[in-house]
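> I have a structure I would like to understand better, so I am pasting it below and will then ask my questions one at a time.
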């Protein structure tokens with residue numbers, strides 16, 4: 001039996017999603033809690049392995065089990081065993097061929113910037129702080145260069161192990177809500193540090209340090225060394241994952257902006 005689940009977490013106190021020997025990780029906590037409910041070892045596979053300090057509004061994962069439990073029992077039992085900074089939001093029995101990572105049509109990330117002279121005393125690790133005033137219109141102009149299918153070599157970490165630097169960005173929105181500047185981006189997949197590198201570049205543009213056209217120039221250079229500063233993980237959230245309707249999983253309203261021809265990432269599509 002294959003089970004899908006949605007997970008929310010505050011990544012501040014974790015070394016990332018993926019299990020690491022001797023370190024606190026989300027995967028380890030989730031597997032421990034589910035194994036307790038199953039009364040047997042459980043191994044989970046997630047849609048996107050977030051780095052240290054990165055949060056999730058809705059991470060999606062799946063696991064296989066022979067233990068028969070109701071969806072409610074999985075949900076309540078696992079949450080009872082989880083620490084306060086991790087919560088399972090929903091549990092669904094799904095198709096045997098569902099795969100949290102490989103079945104995804106798109107992933108959505110949200111980057112939140114606290115744009116004011118002083119840092120936050122209440123939520124210091126839930127925003128990235130920028131004291132310089134940010135011009136959202138300039139950031140939008142720069143963001144427009146990144147929408148579509150491109151070689152994102154200038155925006156991926158040098159240690160990125162992906163076979164291809166090509167990704168398709170479906171949308172990249174920037175808006176202001178009071179003291180916060182919010183960037184929302186959806187793509188068929190992301191290279192390592194892609195969202196944080198884009199955020200760092202757009203913050204430089206918004207602060208007036210660079211012109212919006214610089215974003216297009218960086219894209220054309222295909223050189224990470226020219227790509228500016230990687231923004232901190234604090235403001236980054238995995239917002240949600242979109243799957244084909246056949247799996248019956250609810251979609252975040254943000255995915256209404258996806259193009260009709262959006263499909264899952266295939267590394268062999270790019271050459």
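Just so you know, glycine gets a Cβ as well, placed from its N, Cα and C.
What Swiss-Prot records for this protein is below:
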{"type": "ACT_SITE", "residues": "51", "note": "active site, nucleophile"}
{"type": "BINDING", "residues": "109", "note": "substrate binding site"}
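Just tell me what is around each of these and how deep it sits.
Other Cβ atoms within 10 Å of the Cβ of residue 51 (active site, nucleophile), summed over all protein chains shown, number 17.
Of all Cβ atoms in the shown protein chains, 25 besides its own fall within 10 Å of the Cβ of residue 109 (substrate binding site).
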> What is the interatomic distance between the Cα atoms of residue 51 (active site, nucleophile) and residue 109 (substrate binding site), given in whole Å?
13
